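Below is one structure; the comments refer to it alone.
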Amino acid sequence: MPELAQTETTARKPKLDLKMYGPAIALVILCIIGFSLNSAFLSEGNITNLLTRSAFIGIIAVGATFVITSGGIDLSVGSMAAAIAGIMIILMNALVDILGTGVLTVVVGAGCAVLLGALAGLANGLLTTKGKIEAFIVTLGTMGIFRSLVTYFADGGTLSLNFDIRGTYRPVYYDSLLGVPYPVWVFAVVAVAGWLLMNRTTFGRYCTAIGSNEHVAQYSAINVNKIKTWTYVIQGLCVALATVIYVPRLGSASSSTGVLWELEAIAAVIIGGTVLKGGYGRIGGTIFGALILTTIGNILNFTDVVSNYLNGTMQGLIIIIAVWLQRADWGKPKD
Amino acid sequence: MVVKNPMASDGLLCADSLSKSFGTVPVLFSVSFSLKAGEVHALIGENGAGKSTLMKIMSGFHSPTSGRIIYDGESVTLPPNGGAEALGIVLIHQELNLAEQMTVAENIFLGREISKRGILDRQEMNSRVVRMLADVGLDISPDTRISELSIAQKQMVEIAKAMSRNARVLIMDEPTAVLTEAETRILFKQVNRLRDQGVAIMFVSHKLHEVKEISDRVTVLRDGQWIGTSPTADLDLDDMARMMVGRELSDLYPPVNEPDVDAQIALSVTGLQTKNLRNLSFDLRKGEILGFSGLVGSGRTEVFEAICGLVPMHAGSITTFGNEARFNSVAQARDAGIVYLTKDRKGKGLLLEEGMQTNLTLLALPQFARHLILDRKKEEAALTRAIRRFDIRARDPNVLAKDMSGGNQQKLLLAKVMEANPKIVIIDEPTRGIDVGTKQQIYHFIAALAAEGVSIVVISSEMPEVIGISHRVIIMREGRIAGTVSGRDINETQIVRYAAGLNEEKTHA
């Protein structure tokens, strides 16, 4: 019976291609629109600015890709960023008396921020896995907690970094290496590391398996709770890294820091082709997703055709269109 | 014995020279089929023979590439997506289509609720449902949630729902695949009743003795071609199997070689207790095939889920090859050489949205990684090897697991657990829902593994299977071992007596 397997061909190909290249094509189209509206869009200064601004959301979104791919969700990232920023500023200001205003203070402060991020992620992870509470609920809870913490620490106002440390810390956001700003370097490193982790390691494979079907994962000798917890820790680390490069930009933190970042991060992940219910994750797509979101805002700054205040509307439309394009069965034969 | 291709006009619902291609791949070649009112017409064939496709075309879920559907003497185009229900043609899917969190009454009236001035008339609907349920012999309240029902009960609800829609044609996709013997009896009673009422029933099954019992006519498909249609009375089981496979199936079961009674004990379980199991003890020798029989719900699966760390153990001890062992996770069991192949292929076995590659290496993934980095070449080599070793027939190596036939999925699952190089393999329902040809292959794989010195446990609800391949059979009843039979005592009578509690174990340690 050599011809037995007739039904077993795949109708995935045409759909897959759009999933693969859709985000990249969208970004190119956006760039063409931007350039045609104002040629300064493609100037070196603007491109650098665009990439730097994409870095925060991009780094956080890389972490979110792991969480979402393994079937979870983290709504707390924006608040977490604000809390980490606030605590880091308080810590650095306090360290001035002991360590002075030099590099050491900044390094210790940043190190603590990274540790805090990991711990916050661990808390989210353990509550969802060991605590058996839905990720949506857990992170909705921690979102409120983190947000109120920063408000409390700032006494309802703004936490400002010591002026001298600001001078030491400033280059992390504003300086460049080989013509590329530091935040962009960090973004690139996180992106490459994330891509490798997702596509070339057992960890990435396990995330996909868990998001695809937790039972199958469990029966396939995968420690589901451990892997899921790790995804939240990675998310926490990414938030901390993004915060560390974000703080020197303004040198302050308040209750409005990082507002709606969680939605932008999730949007970047979804625009990039990762499936919200898990089981299919694309780091490359996420990077493009983050760039697309920043580019929209940037183009609106360049033109008077659409009001800048409609930035959210444009981003919302792009998200909906992106998912609609991914869902549609283009070129799939109709049964 | 076999009549010519049926004329497409002598039935209530007829398929006339239907062909169907998915993309460029043809799956049905000019197949004709006629279904008369008041008959049960069985459709049989191996996995991939085109049964599902034919069924779906005849119920409007697929449209044919060429050919006609004739309903009530008129050529029709069936409305898609279940719209044919309005015409009286109902397909009962294998994965039942009921809203789990809604009640029986809500499900039955879904989409055509009775209301009075815009307010749902729950009383009226409930009282009608009570009558319908009584008709199908189901003693449950119309307010019961579907999620609380057994699979058999859900099936009855589906049938009641179909009948409430005045179905004239009922198409059933392997309705007995997940039913116990007793539940099958109840289903058949209803099928017979519907037939007497003049309903035309198309019945797809892999269980040939059931086909023989319930159907009036049989149509056989093979490789998308019509092979024959014949009154069931004219065929015996061997005839059917021969027509399906296209060759003699003289040796469905491989020869059982003599077990080595002095072989090392691979697995020894003493006093195992869990929530549902009471004081279980047994040994498994190297190279032995140990059957686990018993009714569904007797705790067979739980024994091995407990051993593999999937279900908490309350008491008992396990030794493997003489070493004390206690596994808290599947990974620990795997590392000790024990793997469990689940009966729930789609729910717990395979990642349906992934390809063969990802599925194959998932259980043994650490073997395919160095410092956490995956060795893709090694993975590809493993797939090539597995496809050859287990004869997995997929035209495209990138096919998703969900698009593979049941038989190929099962082979892939077997290949997956074998990647871990186990010394003890536990196979739960090795041939559920797969065709005769593939069954035979699986039995031969199992026998070959045992001959290589792998110890095998086969948990199965199919009596002939347990009898055909096991060296020794343990029969479970209500969470305990009811008895053990070996050699000549392995026969249906003995096993059934133990399973039903007629033979109580007298001297088992």
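Quick reminder: no glycine exception, Cβ is built from N, Cα and C everywhere.
Look at TrEMBL and you will find A:21-41, A:47-68, A:75-96, A:102-123, A:135-154, A:180-198, A:229-247, A:259-276, A:283-300, A:306-325 tagged as transmembrane segment.
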Interface check, the transmembrane segment (A:102-123) with the transmembrane segment (A:229-247), three or more C-beta pairs under 8 A: yes
Long-range environment of the transmembrane segment (A:229-247) - Cβ separation under 8 angstroms, sequence gap at least 6: 55-57, 59-60, 62-64, 66-67, 69-70, 72, 74, 77, 80-81, 84-85, 88-89, 110, 113-122, 124-126, 128-129, 161, 169, 172-173, 182-183, 186, 190, 197, 203, 207, 253, 258
Remote residues contacting the transmembrane segment (A:135-154) - C-beta distance under 8 A, at least 6 residues beyond either end: 67, 72-76, 78-80, 82-83, 85-87, 90, 120, 123-124, 127-128, 253-255, 257, 262
Cβ-Cβ under 8 Å with the transmembrane segment (A:180-198): same-chain residues at least 6 beyond its ends: 48, 51-52, 54-56, 58-59, 62-63, 65-66, 69, 171-174, 204, 207, 234, 238, 241, 245, 281-284, 286-287
Which of A:21-41, A:75-96, A:306-325 contacts the transmembrane segment (A:283-300) most, counting Cβ pairs under 8 Å: A:21-41
